[in-house]
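Student: The following feature annotations were taken from TrEMBL:
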type: DOMAIN; residues: 5-374; note: domain 'Serine hydroxymethyltransferase-like'
type: BINDING; residues: 113, 117, 118, 119, 344, 345, 346; note: (6S)-5,6,7,8-tetrahydrofolate binding site
type: SITE; residues: 221; note: site 'Plays an important role in substrate specificity'
type: MOD_RES; residues: 222; note: N6-(pyridoxal phosphate)lysine
type: REGION; residues: 343-362; note: region 'Disordered'
Ligand SMILES: Cc1ncc(COP(=O)(O)O)c(C=O)c1O
């Protein structure tokens, strides 16, 4: 067996034996994985359907139009919304929106990284924070929820050209209507980045951003459970600017194998079982939150209404980097994360956890209780990883990684 194949096999074993609570991760179906490894990986298709810079793209054109239509279908959109399915991932998708709709130096407003926003929402080390003037909003100090009044005040004061809603570590529903109104009032564009919650939006378990935003971006690999990629959905009037920004502005040839996998994932998202899955994701997150609180953990905003939660472990005297390491040694993955008030992303106070992956394995409320107890035993009761990893392995064996979703 070659070294690369050995690593593939080892990674499969690692995933099978690990409880993955990283909220941005999930388990793509075998069909999605097959599409990624399909003949489409061999093909170049620079351009868009009907306007390619390479021959041999009859199937590619049909595939791309089909994926665009599926995107409209799962989000319940009419043809007034244009879809670009070519972004290689979530970060390039956001950058493409700025590049297409703004001039360098324009002001954008997004949620601060330490409050739950993403790097591409205007953080100073990111392209978004270097090429544009950025104003950052955040959550209230006591509520842990987005401070919409402050957001409005900042918008009126700084008059941004674009306001980004959406987050990477925010456990509560986002009021897209309110942010949309604020944006309208200051004549800003509203970009909703729903990368984390897209699956919940599709399942109608989170308010939709579509009536309130001009452009929506989402990764396809988180709650949407597809391949690692992203799509941009925009009102028709922004179609040309967005398409030009993606290609030839930022990218070359689209990854057709990934677009095929997006189409497969969207076909799966149409099925009733996808909504059941998302409902269970929410139930599991609520249970995990409740059980962790019972075990003495302090959660940001005291709970969750989506797929993720954030424990401020520093508040209990626990170092988040140590906690991440101990959990990993026991076979539980949850990532250290900044919480409001943290000065540096290198010394965060929080641990972020989510339920998309464990729910894909079929785990339910009972298993969330078991997981919460394991976490408490490791972090608060000083049991060693060796004492807990047997329990973790047993749970993983009872809930193997599913090969095919029906
Ligand atoms: C809200 C949000 N936007 C964008 C991204 C970027 O996605 P990618 O890692 O695919 O570039 C992420 C990733 O975590 C995210 O959470």
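Backbone N, Cα and C define each Cβ position, glycine as well.
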Student: Taking ligand 1 as the reference, state which of the recorded positions 118, 222, 345 have a Cβ closer than 6 Å to one of its atoms.
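Tutor: With ligand 1 as the reference and 6 Å as the Cβ limit, the list reads 118.
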Student: Which bits of the chain, at least 6 residues beyond where the region 'Disordered' (343-362) starts or stops, bring a Cβ under 8 A of a Cβ in it?
Tutor: 19-27, 113-114, 169, 199, 222-223, 225, 277, 280-281, 284-285, 288, 300, 307-315, 320-321, 323-324, 327, 334-337, 368, 371, 396, 399-402
Student: Same-chain residues six or more away whose CB lies under 8 A from the CB of residue 119 ((6S)-5,6,7,8-tetrahydrofolate binding site)?
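Tutor: The list for residue 119 ((6S)-5,6,7,8-tetrahydrofolate binding site) reads 91, 113, 125, 126, 128, given in order along the sequence.
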Student: Checking the spread of the (6S)-5,6,7,8-tetrahydrofolate site as listed (113, 117, 118, 119, 344, 345, 346): what is the longest Cα-Cα distance, in whole Å?
Tutor: 16
Student: Just how many other Cβ atoms lie inside 10 Å of the Cβ on residue 117 ((6S)-5,6,7,8-tetrahydrofolate binding site)?
Tutor: 24
Student: Between the Cα atoms of residue 118 ((6S)-5,6,7,8-tetrahydrofolate binding site) and residue 221 (site 'Plays an important role in substrate specificity'), find the distance and write it as a whole number of Å.
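Tutor: For residue 118 ((6S)-5,6,7,8-tetrahydrofolate binding site) versus residue 221 (site 'Plays an important role in substrate specificity'), the Cα atoms are 16 Å apart.
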Student: What whole-number Å value do you get for the CA-CA distance of residue 345 ((6S)-5,6,7,8-tetrahydrofolate binding site) and residue 222 (N6-(pyridoxal phosphate)lysine)?
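Tutor: Computed Cα spacing between residue 345 ((6S)-5,6,7,8-tetrahydrofolate binding site) and residue 222 (N6-(pyridoxal phosphate)lysine) is 22 Å.
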Student: Through the lens of DSSP with three states only, how would you label residue 119 ((6S)-5,6,7,8-tetrahydrofolate binding site)?
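Tutor: Looking at the DSSP assignment, residue 119 ((6S)-5,6,7,8-tetrahydrofolate binding site) belongs to a helix.
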Student: Given the recorded positions 118, 221, 222, which one's Cβ is surrounded by the fewest other Cβ atoms within 10 Å?
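Tutor: The recorded positions 118, 221, 222 were compared, and 118 has the fewest Cβ atoms within 10 Å.
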Student: Output, ordered by sequence, the same-chain residues six or more apart from residue 344 ((6S)-5,6,7,8-tetrahydrofolate binding site) with a CB under 8 Å from its CB, or 'none'.
Tutor: none
